[in-house]
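**Q** Input: one structure, supplied below.
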Amino acid sequence: MEPILAPNPNRFVIFPIQYHDIWNMYKKAEASFWTVEEVDISKDINDWNKLTPDEKYFIKHVLAFFAASDGIVNENLAERFCTEVQITEARCFYGFQMAIENIHSEMYSLLIDTYVKDSNEKNYLFNAIETMPCVKKKADWAQKWIHDSAGYGERLIAFAAVEGIFFSGSFASIFWLKKRGLMPGLTFSNELISRDEGLHCDFACLMFKHLLHPPSEETVRSIITDAVSIEQEFLTAALPVKLIGMNCEMMKTYIEFVADRLISELGFKKIYNVTNPFDFMENISLEGKTNFFEKRVGEYQKMGVMSQEDNHFSLDVDF
């Protein structure tokens, strides 16, 4: 049995820290905590009213996917990962991740509630898993992995793919709107959320490195390429990014680029060997490393939480 999954009678007490790298990730998550009340969406309505019908359609569907997906991630954490993983440091991270995912879901729901005035359309968007086939396909894939009999390692990769690949193109599409100077509330919340998801993805890679018997490279590649094809279809066929003026082929390449970054972080060879086609995404968290945090997006980092130099807390650790 994997040491991180083995019964641990000390799991109820935090100190002494046994896994300093995992604890450091938890402290980074804690330092980046934010709430929806800190995001000003009051100026978005003016921009929203100026968008084309295609642009509105695209944004509404992306928000609908996001609003549902965080709940799926949380269900996996509650039902599987939090009960399987026995080391305290990881349980701290997963517990905090659940709180953050709730904030993401509330943020997306608030954005839908603000932009969409028709109550029937709101219900349609809030129930996207049932009402939108393109969202249902992604949700079904993620939910399948919650209940899968595969080992923790395989399911860890699947949810790294959900947070690293299934969100990547949608994040990029909203950053594209930021490049155009539109929707400051939406784009700022997107910065915060993509930063959080970048850390969650990095945490999955760190947990993977703690496995003594990880899944094979072939298994990992299979899960990741499956996620890539679903995400490419989502943003080039089901909900094409050309609706907001983005290039579909470049989006396909970008999703492959993100997948390569993920599989490299896991310690395997790249699959696609492509370069990032979106210059505006060069400094965004999904490119990988959590050094994105050190930029303090919008100065959102809790004061003092990461300032201790002792107890192995360091911002210089390179995973």
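The backbone N, Cα and C atoms fix where each Cβ goes, and this holds for glycine too.
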**Q** Look at the Fe cation 2 binding annotation in Swiss-Prot, where Glu101, Glu197, His200 are given, and name the residue from Glu130, Glu163, Glu231, Glu233 listed for that site too.
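**A** Record check against Swiss-Prot: Fe cation 2 site with Glu101, Glu197, His200, extra candidate from Glu130, Glu163, Glu231, Glu233 is Glu163.
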**Q** Have a look at 236-242, 243-249, 313-319 and point to the one annotated region 'Interaction with R1' in Swiss-Prot.
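**A** Per Swiss-Prot, the stretch marked region 'Interaction with R1' is 313-319.
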**Q** If Swiss-Prot says Glu101, His104 bind Fe cation 1, which of Asp70, Asp118, Asp140 does it name for the same site?
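**A** Checking Asp70, Asp118, Asp140 against Swiss-Prot: the Fe cation 1 site match is Asp70.
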**Q** Excluding Glu101, Glu163, Glu197, His200, please set out which residues of the same chain place their CB within 8 Å of the center of the CB atoms of the Fe cation 2 site, keeping sequence order.
**A** Asp70, Val73, Gln97, Ile100, His104, Val162, Phe167, Asp196, Leu199, Cys201
**Q** Can you grab the distance from Asp70 (Fe cation 1 binding site) over to Glu197 (Fe cation 2 binding site)? Cα atoms, rounded to a whole Å.
**A** 10
**Q** Compare the C-alpha of His104 (Fe cation 1 binding site) with the C-alpha of each of the binding-site residues Glu163, Glu197, His200, and give the closest one.
**A** Glu197
**Q** What mean pLDDT score does the region 'Interaction with R1' (313-319) have in the model?
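**A** The predicted confidence over the region 'Interaction with R1' (313-319), as a mean pLDDT, is 43.
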**Q** Starting from the Cβ centroid of Asp70, Glu101, His104, which together make up the recorded Fe cation 1 site, report each further residue of the same chain whose Cβ lies within 8 Å of that point, ordered by sequence.
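**A** Going along the sequence, the neighbours come out as Ser69, Gly71, Val73, Asn74, Ile100, Asn102, Ile103, Ser105, Tyr108, Ile193.
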